[in-house]
Amino acid sequence: MKIDKVRNLRILGRDLAIPEKRERIEKSLNIREDLIKEQITEAQLAQKELERIEMYYEYPMDKIISMSEEILKGKQMMQHAKDQLIKANLRLVVSIAKKYANRGLHFFDLVQEGNIGLIKAVEKFEYKRGFKFSTYATWWIRQAITRSISDQARTIRVPVHMIEQINRLNRETRYLVQVLGKDPTDEELSIRLGWDLKKVKTVKNVSREPVSLETPIGEEEDSVLSDFIEDKAIKNPAKHTSFVVLQDQIRAVLGTLPEREQEVVKMRFGLEDGYSLTLEEVGLHFNVTRERIRQIESKALRRLKNPKKTQKLKDYLEDLN
């Protein structure tokens, strides 16, 4: 139902109160009275809203509608221009993405991230400043790609500024390899980059890629990296066996000494419990002077210096070392 004027709404509302006219109106509009009243109410509210808009903008409604259509048309033209600018610079994204290949992300992912940077550049570009768009867009594309590498390419996230330093370090390393014919030292990199030695070492450490302990090893990949990592909590079987045999050999060598000399040597060098005692402490144990203990110890050591006795011990000591 289309009603243009508030006056016509009022007339229609009054006519509905008259039975003869109400029946005629219902028949002509093919709508029940209650539905007609609802639509009249909605139309009146819409009319009041239009009047409010006209008062706010100080323009008649037809002028406001015309201006709105012009604004919409301008937005459509602006979006079309943005789309054209993006399409015209897609090759720029590809050329920049190629420089970041083999950094942990697939090439097509790099291009996608670069496209996001290009879209941001189009949104923020101000031509009045006099810069070329390609120059402005390059910064946004690089930032988008490096940020993506920082967030996604590494198991441990590395800040964007550190990614840039790693890239520079790698670039200068490749250059020095070509010039020097060898891998450059940290000092040579420090001079080339203008960094102090500590910074070079820090960036090198950050650039290292973590390796999973589950990485397959060997042609058949039947082992993983963790199988080859030494467990420091478990004693080396070979060394432990050599140590046990060495203890047996020490006991055998000491067994060639008189009993008292054996006890003095064991107590002085802690061969039983790992705690060595002083001459005075050993003397108190045997109820003799410390000088007497020194004499017994010297005599025992002279006997142990026999080449036949010491050679057996040397072999096991070499194995342990």
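Cβ atoms are placed via backbone N, Cα and C, with glycine included.
Remember, TrEMBL labels are computer predictions, not curated facts.
Copied from TrEMBL, the annotated features are:
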DNA_BIND  279-298  DNA-binding region
DOMAIN    109-122  domain 'RNA polymerase sigma-70'
DOMAIN    278-304  domain 'RNA polymerase sigma-70'
REGION    85-155  region 'Sigma-70 factor domain-2'
REGION    164-240  region 'Sigma-70 factor domain-3'
REGION    253-306  region 'Sigma-70 factor domain-4'
MOTIF     109-112  motif 'Interaction with polymerase core subunit RpoC'
The mean pLDDT across the region 'Sigma-70 factor domain-2' (85-155) is 87
How about the region 'Sigma-70 factor domain-3' (164-240) and the region 'Sigma-70 factor domain-4' (253-306): at least 3 CB pairs under 8 Å, pairs 6 or more apart in sequence, or not? no
In the motif 'Interaction with polymerase core subunit RpoC' (109-112), how many residues does DSSP assign to helix, to strand and to coil? 4 helix, 0 strand, 0 coil
How many of the residues that make up the DNA-binding region (279-298) does DSSP mark as helix, as strand and as coil? 17 helix, 0 strand, 3 coil
